[in-house]
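Engineer: Once you've had a glance at the structure underneath, I'll fire off some questions.
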Amino acid sequence: MEYRSRSIHKSTSIMISAILFLSLIHTSHCFYLPGVAPEDFQKGDPLKVKVNKLTSIKTQLPYSYYSLPFCPPKKIVDSAENLGEVLRGDRIENSPYVFKMREPQMCSVLCRITLDAKTAKQFKEKIDDEYRVNMILDNLPLVVPIRRLDQGSPTVYQLGYHVGLKGQYTGSKEEKIFIHNHLAFTVKYHRDPQTDSARIVGFEVKPYSIKHEYEGKWSENTRLTTCNPHSKRTVVNSNTPQEVEANKEIIFTYDVEYQESDVKWASRWDAYLLMSDDQIHWFSIVNSLMIVLFLSGMVAMIMLRTLYRDISKYNELETQEEAQEETGWKLVHGDVFRPPSNSDLLCVYVGTGIQFLGMVLVTMIFAVFGFLSPSNRGGLMTAMLLLWVFMGIFAGYASSRLYKMFKGTEWKKISLKTACLFPGIVFAIFFVLNALIWGQKSSGAVPFGTMFALVVMWFGISVPLVFVGGYIGFKKPAIEDPVKTNKIPRQIPEQAWYMNPIFSILIGGILPFGAVFIELFFILTSIWLNQFYYIFGFLFLVFIILLITCAEITIVLCYFQLCSEDYLWWWRSYLTSGSSALYLFLYATFYFFTKLEITKLVSGMLYFGYMLVASYAFFVLTGTIGFYACFWFTRLIYSSVKID
């Protein structure tokens, strides 16, 4: 009940942050990473060390820090998290660590605990699943520096330290589990020589496992013989590690060292976001540009040569009989704008795609300008959710405009479907996955209060905005077809095997996927291997290339389809570029089996559940781009032809 009430209280702050987020962007400080203000510390000032969730790339299930019997403070205080942080499973709480600025500490004892069978089992399970402890100091995440063997390579940083490790004693084959119970912290700071104040620019740790020893009975003033600053005995290795077994005592200790650094506060995230493999990204861009140039050549050839010649020739024909003798796309002019089957559903998906396109485009622009940096934890997810909600007005507008063109009259019905179909399917999958996470008692489970806040945002803001957009779109005059539609549908001749709808749709998705798959690898790595992704400049370029590729491949295949006198292009144009989502899901499956070490059934279900949602969203986005490209193309070519 305590957790439930805490989650409801938290949802209030989430709702407030949801409303104020966009206004805060305008008032944020204009630093390298906007939205975060620096804090100056004088010598001796207390530093607040906070603990975050425990994470594992093997299970993908986060847990709160105090779900393990670590040393607690006198009172555990939960930090207010934003919507994105809660959805990510972040649980930021205070810790018992006492840091004072520029005052080093050695062998500070945190606490002493004796494990029982239950707590020993908990530690063993988390260590076996390779869980990491995440901590925060002055908004900087704790990292473990790993120096590469080759001298020229920069230091690599891993987020958080492992709870423990598995190993064997010398001469024994039995595997034992050891806990990291001594932490050697390094706080890096940049000092201002004029004011003597300092700003924190780095937070690193080296974890050790050591079986601490002491003389006599344990008391608060007991001095350790294994780690004693007075005798200058410090912990520098894990040669006598602390085993995790029932009825064994564990003493948790830590050191704090302060290092002056030349790195300025504005550049303190550079080491975390270091991109050593930028050549791969440039290769990805060049590879994608080659695809775009090839397709652009195809489209230019069709538009300039074939169409120009065909239209000129067609307009010179004298009689209707001669026109009927012609073959190709001109013959289907009386059927090409015939409303498709399931036109309502097409309108809904096109509207949803416009909503997605707006959300992704604005999110990318904010990210490129640095507003959604990793220093603003949860900012990216919060921004995407809020933008999705506010883009509902464009979804309603696009779907009702198309619906009216198809001679539809019930705009309220189409607006309701647009507002509920895609979010409803995603919410249902999310609800099932959340129930699975609840069953594992993970902090990744979205609390009831947050779930309620999401539903309020959906039905309280998004749905009304979709209706507003639908009303505006339906009030506009209907889009006129450039040619008249015959009353009797024309018979479609038998098609060649390569013009089979399924074959051409599957072929159409290959090139858009090919344009993004290298960048996709880095995105999947950042999500599932717990790494930072901050190369939004590259991502924005790849996204623009994706838009162009989707548009051009659909136009090319649509032209070939019309030339073979098949006028059923509406759905096929959507599915042609949308089929790239199938390849995305197949790639995600390949990534799961080759890069991830997930063994638990629930973790596997989470992965495929979330990737299914991502692929579905990708389908809606790319499909809409292909549809609008084809819509523009058909209207352009048929408006150029004179029909008697």
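The first residue you see is number 1, and the count goes up from there.
Placement of Cβ uses the backbone N, Cα and C atoms for every residue, glycine included.
TrEMBL labels come from automatic prediction, so no person has curated them.
According to TrEMBL, the signal peptide annotation covers 1-30. Feature annotation from TrEMBL assigns transmembrane segment to 282-304, 346-372, 378-398, 419-439, 451-474, 495-528, 534-562, 574-593, 605-633.
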Engineer: Taking the transmembrane segment (495-528) as the reference, which of 282-304, 378-398, 419-439, 534-562, 574-593 gives the largest number of Cβ pairs under 8 angstroms?
Structural biologist: 574-593
Engineer: Do the transmembrane segment (419-439) and the transmembrane segment (346-372) come close, with at least three CB pairs under 8 A (pairs 6 or more apart in sequence)?
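Structural biologist: The answer is yes, given that the two segments have at least 3 Cβ pairs within the 8 Å cut-off.
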Engineer: Which range out of 451-474, 534-562, 574-593 gives the transmembrane segment (605-633) the most CB pairs under 8 Å?
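Structural biologist: Going through each listed stretch, the top one turns out to be 574-593.
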Engineer: What parts of the chain pack near the transmembrane segment (534-562), using Cβ distances under 8 Å and only residues at least 6 beyond its ends?
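Structural biologist: Result: 273, 275, 278, 281, 284-285, 288-289, 291-292, 295-296, 298-299, 302, 306, 328-329, 332, 336, 360, 364-365, 367-368, 372-374, 499, 504, 507-508, 511-512, 515-516, 519, 522-523, 569, 572-573, 576-577, 580, 622, 625-630, 633-634.
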